[in-house]
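Below is one structure; the comments refer to it alone.
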Amino acid sequence: MLTSLSLTALALLPSANALVRKDGVGRLPALGWNSWNAFGCDVDSTKIMTAANEMVHLGLKDLGYEYVNIDDCWSVKNTRNSTTQRIIPDTQKFPDGISGVADQVHQLGLKIGIYSSAGETTCAGYPASLGYEKVDAEAFAEWGIDYLKYDNCGVPSNWTDQYSSCVPDGSNEPANGTCPGLSNPAPAGYDWTKSNTFTRYTMMRDALLGQTRTILYSLCDWGQADVNTWGNETGNSWRMSGDISANWARIAQIANENTFRMNYVGFWGHPDPDMLEVGNGDLTAAENRAHFALWAIMKSPLIIGTALDGISDANLAVLKNKYLIEFNQDPIIGRSAHPYKWGYNPDWTFDPAHPAEYWSGPSSTLKGTLVLMLNSENSTSTRTAVWKEIPELKGHNAYRVTDAWSGKDLGCVKKQYSASLASHDVAVLVVKEAC
């Protein structure tokens with residue numbers, strides 16, 4: 001039986017100083033595409049340029065999607081340039097080098113990202129950046145890179161942490177968001193900025209800040225070393241969990257975990273629940289909608305992870321939902337939506353199978369309040385949004401409402417709105433002026 005997590009304890013969690021960059025880079029959640037979920041190691045310039053061209057052709061660029069990110073396996077394996085010590089792009093995959101692809105991406109009015117790791121090798125065994133931070137940052141800047149995803153693989157034993165941190169992820173069998181079986185836990189009150197993980201990630205931050213080119217820094221340390229407490233002074237997004245996979249159980253686990261990280265969301269800083277799986281695996285249409293909607297209202301980075309040249313109209317429509325993107329990219333209100341009621345569980349319950357089901361958040365771009373209702377159950381069920389329960393809507397009994405999926409004006413809705421939802425589906429409402 002799951003118990004409840006204390007709201008008081010959450011309120012006492014510290015906030016971090018934000019890493020403010022030039023030209024607003026990193027102020028809002030990043031929007032873009034990444035090669036890994038679609039292609040893994042099978043990446044090359046053709047696939048990157050196909051994605052870039054499709055982002056323009058499909059109208060994604062017009063909605064704010066701008067980063068085209070190369071993930072792991074882009075370089076020659078097992079060696080660096082003996083003269084410059086730089087990582088060597090694989091010319092079989094990238095005949096014009098990374099800079100050549102960057103030029104083509106920039107010509108489309110888009111930005112380009114690259115991948116490395118805070119270890120000696122990447123997750124796929126390619127050269128990584130630990131000990132070469134300045135060399136690699138200089139190369140990335142020279143090549144025209146705009147975004148760095150920095151992973152946590154290949155860490156040698158002398159760079160591992162003294163203590164283990166609690167990441168209440170799926171495989172850890174978390175008890176109410178804690179890790180009772182954790183080996184070698186840190187003592188209470190331990191300052192994780194003293195950890196080797198913090199040092200490894202700040203070394204690359206400082207190397208990037210030393211370049212004249214502004215490169216968005218996306219930390220991928222899988223939630224380790226209590227990164228939520230220092231991620232925002234180090235980068236503009238930070239992974240708060242282990243990797244995602246294209247199945248509902250994993251998506252629900254990460255959504256549940258990230259629910260308890262919303263106090264860390266704000267301008268310049270965004271907990272990252274990993275790249276999108278919309279269009280991948282055996283996700284149902286309902287699950288694709290719920291996945292994207294939850295990531296968007298949490299003000300997470302929205303990094304597409306599917307092959308865009310074969311995407312279905314239905315999945316493309318999900319990724320292009322203007323209401324959710326406008327909420328995610330609000331230039332005036334930095335906070336995310338928050339759960340106002342858990343629904344399936346008592347409030348503040350940590351349940352990897354049943355995340356909080358009722359969410360709301362104010363939006364300057366939508367000129368109203370976004371309301372989300374999730375059916376986390378395995379069968380069709382009704383969810384009801386009661387206006388007086390929603391913090392932003394307690395002043396009146398009736399409001400004008402728009403269905404964010406269909407765009408339909410639902411008219412003046414009195415007291416509450418009910419929706420019959422298929423398993424793992426969501427209703428998303430834009431609630432505007434009183435009527």
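Using N, Cα and C of the backbone, Cβ positions are placed for all residues, glycine too.
Look at Swiss-Prot and you will find C41-C73 (among others) tagged as disulfide bond, backed by similarity to another entry. Other Cβ atoms within 10 Å of the Cβ of C41 (disulfide bond) number 16 in total over all chains. DSSP assigns C41 (disulfide bond) to coil in the three-state reduction, placing it in neither a helix nor a strand.
Classification of N81 (N-linked glycosylation site) by DSSP places it in coil, neither helical nor stranded. Look at Swiss-Prot and you will find N81 (among others) tagged as N-linked glycosylation site.
The C-beta environment of C123 (disulfide bond), restricted to residues of the same chain at least 6 apart in sequence and closer than 8 Å, consists of D72, S117, D151, C153, G154. Annotation note: C123 (disulfide bond) sits in a coil segment as assigned by DSSP. For C123-C153 (among others), the entry in Swiss-Prot reads disulfide bond.
Residues or ranges marked as N-linked glycosylation site by Swiss-Prot: N158 (among others). Cβ neighbours of N158 (N-linked glycosylation site) (same chain, under 8 Å, six or more residues apart in sequence): none.
Under the heading N-linked glycosylation site, Swiss-Prot lists N176 (among others). Mapped onto three states, the DSSP output places N176 (N-linked glycosylation site) in coil.
According to Swiss-Prot, the substrate binding site annotation covers D221, W222, G223, Q224, A225. DSSP gives A225 (substrate binding site) a helix state.
N232 (N-linked glycosylation site) falls within a helix when secondary structure is assigned with DSSP. A sphere of 10 angstroms centred on the C-beta of N232 (N-linked glycosylation site) encloses 26 other C-beta atoms. The annotation N-linked glycosylation site is assigned in Swiss-Prot to N232 (among others) on the grounds of sequence analysis.
Using a 10 Å radius centred on the Cβ of D243 (active site, proton donor) and all shown protein chains, the other Cβ atoms total 15. According to its DSSP assignment, D243 (active site, proton donor) is coil. Positions annotated as active site, proton donor by Swiss-Prot: D243.
Summarising the annotation, Swiss-Prot assigns N-linked glycosylation site to N378 (among others) and lists sequence analysis as the type of evidence. Neighbour list (N378 (N-linked glycosylation site), Cβ cut-off 8 Å, at least 6 residues apart, same chain): S423, H424.
Here the CA atom of N81 (N-linked glycosylation site) lies 27 Å from the CA atom of D221 (substrate binding site). Taking Cβ-Cβ distances under 8 Å and a sequence gap of 6 or more within the same chain, the neighbours of Q224 (substrate binding site) are N152, D161, S165, V167, T197. Taking the Cβ of N81 (N-linked glycosylation site) as reference, residues of its chain lying under 8 Å away and at least six apart in sequence are, in sequence order, I87, I88. For the recorded positions given as C73, C153, A225, the lowest number of other CB atoms within 10 Å of the residue's CB is seen at C153. Here the candidates are the recorded positions C41, C73, N176, G223, N232. The one whose C-alpha lies nearest to that of D243 (active site, proton donor) is G223. Here the recorded positions are N176, D221, and the one with the most other Cβ atoms within 10 Å of its Cβ is D221. Comparing the Cα of W222 (substrate binding site) with the Cα of every entry in C41, C73, N176, N232, these being the recorded positions, the smallest distance points to N232.
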